[in-house]
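Annotation source Swiss-Prot lists active site, proton acceptor at HIS296. If you look up Swiss-Prot, you'll see GLU153, HIS296, ASP297 marked as substrate binding site. What Swiss-Prot lists as S-adenosyl-L-methionine binding site is MET207, SER211, GLY235, ASP258, ASP278, MET279, LYS292.
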Amino acid sequence: MATNGEIFNTYGHNRQTATVTKITASNESSNGVCYLSETANLGKLICIPMALRAAMELNVFQLISKFGTDAKVSASEIASKMPNAKNNPEAAMYLDRILRLLGASSILSVSTTKKSINRGGDDVVVHEKLYGLTNSSCCLVPRQEDGVSLVEELLFTSDKVVVDSFFKLKCVVEEKDSVPFEVAHGAKIFEYAATEPRMNQVFNDGMAVFSIVVFEAVFRFYDGFLDMKELLDVGGGIGTSVSKIVAKYPLIRGVNFDLPHVISVAPQYPGVEHVAGDMFEEVPKGQNMLLKWVLHDWGDERCVKLLKNCWNSLPVGGKVLIIEFVLPNELGNNAESFNALIPDLLLMALNPGGKERTISEYDDLGKAAGFIKTIPIPISNGLHVIEFHK
């Protein structure tokens with residue numbers, strides 16, 4: 001199983017970029033031939049996440065894992081375990097074409113072996129590709145201890161409803177206050193989810209599984225829950241985050257607060273109470289509060305309004321915990337940058353004003369809402385816990 005650092009490479013900074021060769025500053029090589037192949041491949045990079053999505057829907061990664069630890073298996077062996085592919089004699093051939101791109105992208109390992117087959121009565125030696133799991137794709141296999149994988153999170157970000165928003169991305173440049181998701185679907189994303197049960201489940205499932213792996217990292221590097229007696233998770237979805245905190249620290253009374261259509265499908269957890277409401281109208285009273293991946297959904301004005309609602313419901317000495325991927329001041333070709341930059345673009349496509357922020361920008365939000373102190377605690381690859389103290 002991958003480490004937390006490897007898990008947080010999910011937002012795009014892994015070896016998927018290996019398919020892009022070096023592009024020089026010049027448009028022409030020394031003999032005057034344009035680098036058409038390299039430039040054209042940039043436009044074809046969509047093939048990688050689409051191949052990845054198909055592999056997840058076909059359950060490829062779990063099937064490979066069932067062949068054993070460090071197994072190297074062929075497309076034909078994998079296809080033989082797919083019930084829906086048994087009647088397609090070309091299933092293995094098409095599957096191999098999907099998997100070899102994932103192999104070239106280091107999402108799977110790929111090697112070549114020789115085998116003898118009978119062709120027209122003659123034995124012929126052919127080359128066959130074998131595929132195995134890498135650190136990246138291990139995260140897509142359900143863990144034995146709890147069944148968690150990142151498949152649900154990746155299925156959300158590659159869902160057609162989400163992808164359709166990116167076809168309208170240029171409108172944010174051309175039209176003031178334009179939101180690509182709203183242009184594509186005629187509704188705000190949370191309103192859309194409230195009326196579309198399938199999308200509501202896809203969104204909730206994606207957020208829930210990623211919350212689990214994030215809190216495994218948070219628990220390793222943050223000890224601020226030790227002295228808490230109560231924690232209100234504002235915008236907590238179906239309650240996965242606060243349930244994990246209460247399970248780890250059972251003396252904490254947990255409250256999960258979100259919109260009615262979200263709370264209506266939230267499961268019951270020991271030590272957690274579900275409360276429905278609108279955080280922009282009023283936040284319930286609480287000794288401490290959690291905002292995980294909430295502020296990045298909204299513009300500065302809405303964030304300050306929400307934080308003021310939190311401030312009003314906190315006692316003196318109470319605090320709000322912000323959990324977000326933080327934009328580094330210096331950007332680079334690294335996980336810390338990509339873990340913020342890629343969801344930043346996703347937020348720009350989905351939600352009005354949604355964006356990732358630097359530590360100083362979060363500090364400005366806290367001060368504008370009345371908080372007297374901001375304490376950032378780095379966790380892993382750009383993930384931070386940021387404390388706002390009243």
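Including glycine, each Cβ sits where the backbone N, Cα and C put it.
Sequence features annotated in Swiss-Prot and their locations in the structure.
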residue	record	DSSP (3 states)
GLU153	substrate binding site	helix
MET207	S-adenosyl-L-methionine binding site	helix
GLY235	S-adenosyl-L-methionine binding site	coil
ASP258	S-adenosyl-L-methionine binding site	strand
ASP278	S-adenosyl-L-methionine binding site	coil
LYS292	S-adenosyl-L-methionine binding site	strand
ASP297	substrate binding site	helix
Once the chains shown are all counted, how many other Cβ atoms turn up within 10 Å of the Cβ of GLU153 (substrate binding site)?
22
Position of peak Cβ density within 10 Å, selected from the binding-site residues ASP278, ASP297:
ASP297
Given the recorded positions MET207, GLY235, ASP258, ASP278, MET279, HIS296, which lie close to GLU153 (substrate binding site), meaning Cα to Cα within 10 A?
MET207
Measuring Cα to Cα, how many Å separate MET207 (S-adenosyl-L-methionine binding site) from ASP297 (substrate binding site)?
13
Spatial neighbours, same chain, of SER211 (S-adenosyl-L-methionine binding site) - Cβ under 8 Å, 6+ residues apart:
GLY237, THR240, SER241, LYS244, LYS292
Length of the line joining the Cα atoms of MET279 (S-adenosyl-L-methionine binding site) and ASP297 (substrate binding site), in Å:
13
Quick check: of the binding-site residues listed here (GLY235, ASP258, ASP278), which one has the Cα closest to that of ASP297 (substrate binding site)?
GLY235
Beyond the listed site residues GLU153, HIS296, ASP297, identify every same-chain residue whose Cβ lies within 8 Å of the center of their Cβ atoms for the substrate site.
MET207, TRP293, PRO343, LEU346, LEU347, GLY354
In Å, rounded, how far does the Cα of GLY235 (S-adenosyl-L-methionine binding site) sit from the Cα of HIS296 (active site, proton acceptor)?
12
How big is the gap, in Å, between the Cα of ASP278 (S-adenosyl-L-methionine binding site) and that of the residue listed as 'active site, proton acceptor', rounded to a whole number?
17
With every protein chain in view, what's the tally of Cβ atoms within 10 Å of the Cβ of the residue listed as 'active site, proton acceptor', excluding that atom itself?
26
